[in-house]
Structures are given as structure tokens and as C-alpha cells.
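Peer 1: One structure coming up, written as C-alpha cells, with questions to follow.
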Amino acid sequence: MEAVFSACVGLLTACGIYLLLRGRTFPVVVGLTLLSYAVNLFLFSSGGLTLDGGTVLGATDIYADPLPQALVLTAIVIGFAMTAFAVILAMRARADLGNDHVDGRVPSKQQASSTSTESRSGEKR
Amino acid sequence: MTLLWISLLPILGAMVPLMAGRQSRIQCAWLTAIAPAAALILVLQQAPAVLKGEVLRYSTEWIPQLGLELAFRLDGLTLLFCLLILGIGLLIILYARYYLSEKDSMGRFYSFLMLFMAAMLGIVMSNNLLQLWVFWELTSLSSFLLISFWWQKTEGRKGARMALTVTGAGGLCLLAGILMVQQVVGTLNVDEVLASGDQIRQHPWYTAILIMFLLGAFTKSAQFPFQFWLPHAMAAPTPVSAYLHSATMVKAGIFLLARMYPVLAGTDLWFFIVSLTGLATLLLGAYFALFKHDLKGLLAFSTISHLGLITMLLGLGSQMAAVAAVFHIINHATFKASLFMAAGIIDHESGSRDMRKLNGLIRYMPHTAILAMIAAASMAGIPLLNGFLSKEMFFAETLHQDLLGSLSWVIPALATVAGILSVAYSLRFIHDVFFNGEPIDLPKVPHEPPRYMKIPVEILVALCLAVGIVPNLVVGDLLYAASSAVIGQMAPNVDIAIWHGLNLPLLMSITAVLGGVIVYSQRKRMFRFQGQFQDRDAKLTFEYIIQSMVEGGKRIVLFIDNGSLQRYLLCLLTAIIVIGGYAMLNLQPLKTTREPIPLDAITLVGAFILCCGGLATAFWHHKRLRSLLGLSVVGLVVSIAFARFSAPDLALTQLSVEVVTIILLMLALFFLPQRTPKESTPSRIIRDLSVSGAIGGIIATITYAILTRPVSSISDFFLANSKIGGGGTNVVNVILVDFRGFDTLGEITVLGIAAIGIYKLLLRLRLSMPASDVIGRSWSPERYPMILATVSQSLLPLALLVSVYIFLRGHNEPGGGFIAGLVTSVAVILQYMAHGVDWIKTRLNLDYQRVVASGVLIATLTGLGSWLFGRPFLTSWFDHFHLPLIGDFELASAMLFDLGVYLAVVGATLLILANLGKMTTSYRPLHKEQD
């Protein structure tokens, strides 16, 4: 069980980070959301995995660790606020700048190849 | 306390000339002189005690935890430097009054000068190394201002910049050295550092400490190979040169060497570096001084040479050498300051400093000529003048060392060569300027300067003579006290005598004088020889080095900071991989120490769906709607996972957040491009895949490590105290509203801020609304579908009822303010979608910003309420009541806090979603209008 859980967290992280590295804002926002799922699961796991337990006194025999749950609960809500802020910022950026690239301008490939020391010099092609 | 005043007075005095700038020039000078004169009187008052060997101290604590204090000390060495700084400073003030022209801003000049004086006093009086360093840097800054006083001139600006760069860089090295000393000794206090010389010399860091301190001192004192900045600093007004390059700025480096002498000196390394650098500087300076046609240039190189002499004496390491060094500090300050002033007078009254034009001036300004000739003779080391005495001691000390083994004779020989050159350039200063025919087309006819302009020169020359004739009477005590402070113990009793009998040092002096006369008589040949070398301008070389450093810096910055956010992110992520991965190499291999939980089929299926959802989100990111669907699958599975792993509160929260998130992203997607263009090159995709894969692997490993190791949690406390302390059985909720209520208060505040930030972002947002979807299908003409409208309307009361239920039971069962707030928001949002803004507006006209604010306010007030009962912020209260019919029930202040949370969540969510939803309608937020 632990191995599967960890693998899932790792996969969600990887997918989230891959999307974060994209050049357009919407995939970045989606990646951010995906990453926040992974982070929440990761934080949650710090209390250990408990099956058939609970956090209500007297209702169960096995108690799950309530502290990570409380932290993750607020993290979920704050995560929503962050996603919302990021996506509205993306909308605003697109409206004001005319494109939805994360840099605010679409890098033109011709320019990049002619002036190699400019912005994209270090990139492997 | 007196010590504090001595150092404070010049700082206060720096403001006087700025205020007195409107007064006449002579008044301005007098007013400026008050503060240093007062400080000088205070110093003199303390002098008798110091000369007896006392060390006066003053300190107040500043940040004792960091070893910072405001500490001053006054010992023999400090006394000597204070007298030089304040005494010569006063003379400079008088001299500058006549030197500066009507056009120059008197107030500005004096203010800079006082600032510099204060900084120098700070250096010599500091009893804390870090404090010393601050004043050290202040001298660099204020000398920058002074050198560039004539900022209109290119040379002034360039010279000042060069001086600042070189001395500033040296200052940074000094700081490194000071911090290392602090690490070794554990204190910055000068007294304690001076007492722990052995500890530092035996420490493995000694070499590094020594080199850092020497770099600081050598750059400041213009020692080889850093000597190049000093001649360019001659672009300053002559009073500045006379002050900075005789008694103060360049002597700061010498002072540092002398101050740290008990700590750093006495090793072979010290001898080799310090004395050989001094020797090289001595020779180089003397040689180049001979070939300068500029009066001040000659003096500048001669200064370099004499600084080398003092450095070399300090490097020799014997006690008598240290005494000689201190003696030469005094002598050089007096004769060099008077020479600079004389050069300034000549420049001022004849309009030129070029020795090829200046000739035979003795007939035009005989008085000045005599003064200058005496000072120059002192520089050459002619008997009956102070320069002779210390030079003689220097020659004697070069004979007393045997540090180079059988080659030790080289040092006195080279010293004699330097003596010859020194006599030659002094002779040139005298002969070429005051004799040697007639002036050649000078801009004006030379004449004597105003009477008062000569007074400072006269005083200094008188000192040269007095010290030269009756040394013991004039400076004996001071020299003894200062040398004792340098050596760290009582100095050997020196009897400075003019006549020691016919001995080797005297012979060296005679050789120097005769040799100097011969060299000077052959000067034409030497000039011709020197003319064959290409004249290299240090300024150009310096500028070239600086420029190439700037270029290199730019290139590095451009590589890292190329304006691409993706690049930055990649750098950060790579750093995570490198640092995180490296740290994990040292971790123990993963092995299970806890009983593993057996895997069941349902969980496996859930995990499979989760992975598919995540991969689909990433894979289809070009088709944004599809990607969003994948995201919602992930969110759902995550909430199921929370339910599976005994976290019902989380499951409820995740589920409701999932709904609002997807609605939000769908709305946003409406205004954004529906597809992402394919831009990434294949190699880039591979790169990103490997980076994200590596980080995913690291995170998975950490998660697995956490899950399989023994857990020790503080949660037992919460489980034990939830009921008795917080009055609730749902521990998660009690933690949120009670134990960690302060956290929650912070989080709802952040939520509110985010919502209001979003509202601001939406103001005046110009959006292009697509008329159709990607494929070209137009949107459905029916805006508010009948079935949705009907169903949602009947669902609303139910949903609200559910949210009230979840809210009320939250303290004892899964639920609470967060979840209830989200459920309410979803219900209201559904109404917006089903009926449109108009419909809602007539029925529910809420200002969501107010809702957020009142939520945060209620939560805060609940917290503050506990103050009324004398309890800490956010202490909760609860009790059980009995009412007929209803029965027993519990009331807790935490409920009120949870109500605040509820309102904040509802307000924030609706503020975000409703305003975004309104973007397509006439109700979209504008600056004035809001609803």
C-alpha cells in the first residue's frame, strides 16, 4: 500500500512539474493544481496511512493522526485561492499583453536563432 | 565619555559648513575649524595619561548577542594618529580657505573634509574590529567624494572611481579577515584580539587571515601592486592631496598594520610578504617619482615610496624597526603635507605644475621657496631635519636583519639605491622649480601667496626642523608611547640622536646624498632612457579590466536571467534535484520498519485511475478541455483516497473544492485560447520530462521513507485534550478552530486577500469573448436551460440545509465551517449558472467583499473576546446547557469562530466565481460600480 501511495504522489508531482514547465499559462495553472494535489497527499502521508480509522473521539477504535488532516484541510482551501489567483492573473495577462505566454511575449524562433547570445542562448536545440 | 566626544565632534562638525555655506568664506572656515579644534583640545587633555602608558576606553553595548558595541580606545598609537589627523586637518582647513576659488562650493568641500576626518578618527579610535571596518569603508566613500570634488573634470571622476574600486575591494578583503578573526578568537573587541596573538598565529587559518588583512592594508596604503590608484587620485584639489596622501587616508593601511602588529607579525610569512612588498614599493615609487614632470605626480610617487619604506620597517619585525616605522609616520606626515601645500601654492600662484615650465621661482616667491626647500631636504634625508633621523634608523634596521640568509646584504643595498633616488627626486623638486633658469610661458606671473596661506606650511616646516634638531624633546614621549602600543609591550628605550658617530648607516646616508646628486646631474640621459619605454596609462588598463569584468558579469546574468520564466523554473528545479538528490545519497536505504498495510484490489484500481488521470492531464495539455477533465478525475480520486484513509473531513473539503475549482477553470478557459500551440522542440520535451521525472522520483522516495519509518507525532496531545480542553470530539475541527485557531485565522485572512486581489484584477479587464468553440460551433442559444433552472432552484434549500447541518455538527462529527462554506458556495454558484446574474441580483443582493470582511472580523473578535476574560488570544470557552423540549446541548465560542470561517469561505469563493461569471454580462466589475 505504501509503495503504491508513494508512486502515485511521485507521478502526480512529475505530471504537475512537467506542466509547470510549459510555455503557456493555462497548462501552468493546471500543473499548479495537480502539484497542489500531490503536495496535499504528501503532507497527509506524514501522519501515516490509517485504514478504517477516524478522528472523532469515541466513534472508532483506531485513530488517524488528526494534525496533518487539519493542516491539509486549510491547504486545500488555500490551494483553491492560489489556483484562482493564478488563473485570473493569466486572464488579465492575456487581456493586457495580447498573448498567453508565461513571459508575456511569444519568443520568435527566427530572432532567437539569429541573435544567439540573446534570450535563448543556453538552450539546447 | 571624552572619547565619544572626540569621535563625535567631527561628525557633528560635518554639518556646520553646510549650514555656514552662505557665510563669507573666512567665516565658513573658522566655523568649520571649531569642532576639530575642540576635539584636538580634548585629545591633548587626555595626552598626559596616555603618554604614561594608560589605555583609555569607552564602550556602550549595541547588540551584545552579535558582539557589536560602540567602543573606543585611546592608546599611544591612537594618540599619535589623532594628533596627526586633527592637527594637520586644522592646517588644511586654513589652507583650503585660500586655495579654493570663488566658484568652488566651500561648504560642500569642508563638509566632505570633516566627514573624512571623522571616518579617520573612527578607524584609529575603534576598539571593535567591525566598527573599525565601518569607518574604514567610510574613508573610502568620503575620499571618493573628496577626490571627485571637481566632478566636472574627467580625471577627477575617473581617479575617484579607481580609488574607490581599489580601496573598496580591499575593504571587502579586510572584512573577510575580520570575520575570520572573530571565528578564531570569538570576539571582535580589539583589546581581546590583541591579547590572543598566539592563538591566531597558531591557527590553521592564520595564512588566510594575514593575506586578507594585508590586502586591505596594501590597497589602502597604495603598496605594490595596488599603487596605481594613488597618482590618479592627484586629480583632487591640492588640500585634499595634502591631507589624504600625507597624514590620513594612505596612512590608514599603515595604521592597520601597526594595530594588528602584535597579532599578525612575528612569523616568516609576515616578514616575506610585508617587508618585500614594502621594498618593492619603496624602489618603484622612488624610481618613477624621478620621471614625473608634474609636481604633484612627483610627490604622489614619492608618497608611495615612503609608504613602502614604513611598510618594510613594519615587516622587518624587530622592535627597533617598529619604532623607526612610527617615527617615520610622523616625519613623513609633516614634510609631505608641507610639500603638497607648497606645490599647491606654486600651482595656485603660477598656474602650472609642470616642472618643465616652472623654473627659477625663487626670485618670484622666495619665502615659499625656502619653506619648500627645507621640506624637500627633509624628504631627501638631510641632517638636522626629521627625515634624516628616521631614514638613518631605517638604514640601521636594514643592516640588522638576516632574514634572507646569505643574501641579506641585498636589502641594505637596495635601501641605499632607494635613498639615492629619493635624494635625486628631492633635488629635482628644489633645483628644477626654484632655480634652473627662467619660467617658460607660465599662464601668469608667479608671486607670493596670501600671508595666511603660508602659515600651515610654516608650522609644518618648523616642526620638521624642531624634530630634526631636538628629537627627544619634541616627540620622544609620543614616539615611546606609540611604539609601545605597536609592539604590544614596552618599547626599547630609544635615544634618537643626530650624531651616532661614524658608522655604516651614516655612510649609507652619505652615499645616498652623493649618489642622488650624481643621478640628478645625469637626469637628461635617464629621461631619454625612460622615454624609450612605452608610456602605459594605468587608467586605461584599469578601465579595460573593469569593462571586461562588467562584460563578463553581463554575460553571466544574461545566461541566467534571460527573461524566460521557464528558464528560471528549470534552474530552480535543477537545484532541487542536485541538492535534494545529493542529500538523499546519504540516507539509509529504504526498508520497512513498520508493518506494511496489505494492498487490496479497490485501492489498486483507484491508484490506476489516479495515475491515468494525472498522465492524461499532462499528455493532453494541448487540448485544454480534455486536460481539465483529466484534472477533475484526479481531484475526485484524491477525495476518495482521503475517505479511504480515514479522513472524512478532508474528503468532504476536497470534493467541494474540486467542484468550485473545475467551475473556475471552465469559466477561465472560456476566455483563454482553447488549445495550446505546439512550441516545444523534442529535445526540450525530453529535458522537461527528465527533470519532472527526477523530481517525481525524489518526492516518491521521500514519501515512501516517511510512510515506512516509525512515526512519532504530537497528535496524542490533541486526541487527549480535544474533548476536555476544546469541547469537541471531532479532533480535526477542534484543531482548526481551537488548538491552532491562530493558523486558521491567518488562512482565512489570506483567502480574503486573494479574493480581493482577484476582484481588483478583474476590474476593467478587457476580454475578447469567442463567438464559438474551437471547431466553430456556436454556443447554445439557450442560456439558462429549463431543467437545470428548475432542479437547481429546488436543490437550493436542501443544499443550504445540508450546509447548516454540516456546520453545526462540525465540532463533534466530520464537517465544520470550511466544508459548510464550500457547500453553500456551490449551491449559490449553481443558481448563478442556472438563472443568470439578473435573477440572482433581484433575490440575493449581497456584497461579497463585506461577507469576507465580516467573516474575518467575527473570527478576530471571537479571538479578542477571550481578552475580556483575561485569557490569551483565541482561548475558547464551552459549556453544556439544558433547555426543556430540546434537551442537553453545548455552546462553544469555537462555533462563533467557525462562523467567521464559514462566512470568509463563502464570501471569498463567491467573490471570485460570481465576478468571473459576470464578465460576460453588463454587471462586470468596473471601477466605480460594484454589486
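Any Cβ shown, glycine's included, is placed from N, Cα and C.
Feature table excerpt (TrEMBL):
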DOMAIN    B:65-110  domain 'NADH-Ubiquinone oxidoreductase (complex I) chain 5 N-terminal'
DOMAIN    B:126-400  domain 'NADH:quinone oxidoreductase/Mrp antiporter transmembrane'
DOMAIN    B:787-910  domain 'Na+/H+ antiporter MnhB subunit-related protein'
TRANSMEM  B:6-21  transmembrane segment
TRANSMEM  B:28-47  transmembrane segment
TRANSMEM  B:132-151  transmembrane segment
TRANSMEM  B:367-389  transmembrane segment
TRANSMEM  B:409-427  transmembrane segment
TRANSMEM  B:627-645  transmembrane segment
TRANSMEM  B:651-673  transmembrane segment
TRANSMEM  B:685-707  transmembrane segment
TRANSMEM  B:744-763  transmembrane segment
TRANSMEM  B:814-830  transmembrane segment
TRANSMEM  B:851-869  transmembrane segment
TRANSMEM  B:889-914  transmembrane segment
Peer 1: Using DSSP, how many residues of the domain 'Na+/H+ antiporter MnhB subunit-related protein' (B:787-910) fall into helix, strand and coil, respectively?
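Peer 2: DSSP composition of the domain 'Na+/H+ antiporter MnhB subunit-related protein' (B:787-910): 89 helix, 12 strand, 23 coil.
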Peer 1: Under 8 Å between C-beta atoms and at least six residues away from its ends: which parts of the chain pack against the transmembrane segment (B:744-763)?
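Peer 2: Hits for the transmembrane segment (B:744-763): 736-737, 848-849, 852-853, 855-856, 859-860, 863, 874, 897, 900-901, 904-905, 907-909, 911-912, 915-916, 919, 924-927.
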Peer 1: Could you tell me what the rest of the chain brings near the transmembrane segment (B:6-21), counting residues at least six beyond its ends with Cβ under 8 Å?
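Peer 2: Sequence-remote neighbours of the transmembrane segment (B:6-21) are 27-28, 31-32, 34-36, 38-39, 42-43, 72, 74, 82, 105-111, 114-115, 117-118, 121-122, 125.
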Peer 1: So which of B:409-427, B:627-645, B:651-673, B:851-869, B:889-914 is most in touch with the transmembrane segment (B:814-830), counting Cβ pairs under 8 Å?
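Peer 2: When the Cβ pairs under 8 Å are tallied, B:889-914 comes out ahead.
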Peer 1: Do any residues of this chain, six or more beyond the ends of the transmembrane segment (B:409-427), have a C-beta under 8 angstroms from a C-beta of it, and if so which?
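Peer 2: Sequence-remote neighbours of the transmembrane segment (B:409-427) are 275, 279, 282-283, 286-287, 289-290, 298, 301-302, 305, 309, 376-377, 379-381, 391, 394-395, 398-399, 401, 508-509, 511-513, 515-517, 519-520, 523.
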Peer 1: If you average the pLDDT over the domain 'NADH-Ubiquinone oxidoreductase (complex I) chain 5 N-terminal' (B:65-110), what number do you get?
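Peer 2: Average per-residue pLDDT within the domain 'NADH-Ubiquinone oxidoreductase (complex I) chain 5 N-terminal' (B:65-110): 90.
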